[in-house]
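Worksheet for the structure shown next.
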Amino acid sequence: MEMAESIPCNSVVGGNFKEVSPEKVIRFKPPLYKQRYQFVRDLVDRHEPKKVADLGCGDAKLLKLLKIYPCIQLLVGVDINEEKLHSNGHRLSPYLGEFVKPRDLDLTVTLYHGSVVERDSRLLGFDLITCIELIEHLDSDDLARFPDVVFGYLSPAMVVISTPNAEFNPLFPTVTLRDADHKFEWSRMEFQTWALHVANCYNYRVEFTGVGTPPAGSEHVGYCTQIGVFTKNGGKLSKPSVSQQCDQHVYKPVYTTSYPSLQQEKVLKFVLVGELLIQVDRLRLRYQRMLRDREKDRGPKPGDMDSCPAPHLLLGAVFTEAEKARIESSPKPFCEGEKFYIPLQRLLTYPKLHRLCADEDRVRSLIADSVCLSSDGSAVVVDLHNSWDYRPEEN
């Protein structure tokens, strides 16, 4: 992260620019909100949570950034502004590319309208709850209730709370609250005193850090945004503890969407068949090339595909030595008349197909109604030639 820059602030009076020398504008690179979001993303990278909730999610920008993480399977946003949730839910919808190249694991994203100081059992058992620039918007009554709801009732494995550092404010042109809706802004001592008390009451430990490094010469004020990272002692709640909680559904669902994933059989089948047909066609074209080479009396015999020079580099495929060895040791494709047979065992040695599904029986059941199989089901069968083939020798 770069330090903040101090830039002279100009005002406009009667259409003329006037320099206001005592005042400085602080500009962060990257912008401060992006630094806060990046802090959360770094935590997700390190801890790989499966269930994440953002309290006070606002326009859902953080959720949009988090939905790309393969470890997350449930992503929830809660906000008091229902209109904002309605207008930003579309940000979280799957893109077309996420259907073409789906996730490995399921992901459900839900936005709830409600107050962060209300108890809703659908947020129990989460790995990470984020409260980014939230607590300063709570009045004194809600702030008093906040710890018991988030740390006592929801009791996630980790909580991240960020809030403005009031000690940084004198560096800004206007030494007032940074937002008209802020009910308070704490110094580092005030925030840390509150956070340590909360951690002690609810069996958490807390570490303090921040984002928004001050300009040179002002290091004594600390970060512009102060952050507390709370980690529950002993890890997550045990499953019995979560299950003992009574169902309380006080939040109103505003938006929900589910992402396609390879855990869904229809999606797996679609991707598997597509990748299999690509590999089959590569092998078919390669076999044709060897036939042409043989006809010109300068290449290998049709049955000896692997003696072809650099066979693994055909059509851009790149394999490790171990992958090459696994492919070469598998049953080879063969031709009977105008029919080309590619054993399933062979196909499943190719990395992309192997990653999708390594179980031959399951692959057979998934593709049976989409491709032609041999009578014993051991091989995919296609025509050796088709009308789309490019045959340069005929031109």
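The backbone N, Cα and C atoms fix where each Cβ goes, and this holds for glycine too.
The S-adenosyl-L-methionine binding site annotation in Swiss-Prot covers D79, S115. According to Swiss-Prot, the feature Mg(2+) binding site maps to E133, E136, H137, H182, an assignment based on similarity to another entry.
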Residues sitting within 8 A of the centre of the E133, E136, H137, H182 CB atoms (Mg(2+) site), not counting those, run L134, I135, L138, T163, P164, D179, D181, K183, E185
Does anything in the same chain, at least 6 positions from H182 (Mg(2+) binding site), have a Cβ under 8 Å from its Cβ, and if so what?
-> E136, H137, P164
Ten-angstrom check, please: count other Cβ atoms within 10 Å of the Cβ of E136 (Mg(2+) binding site), all chains counted.
-> 20
Residue pair D79 (S-adenosyl-L-methionine binding site), E133 (Mg(2+) binding site) - Cα distance, angstrom, rounded = 12
Smallest number of other CB atoms within 10 Å: among the binding-site residues D79, E133, that is E133
Cβ contacts of S115 (S-adenosyl-L-methionine binding site) (under 8 Å, same chain, 6 or more positions away) | I80, D142
Please report the DSSP secondary structure of H182 (Mg(2+) binding site), reduced to three states.
-> coil
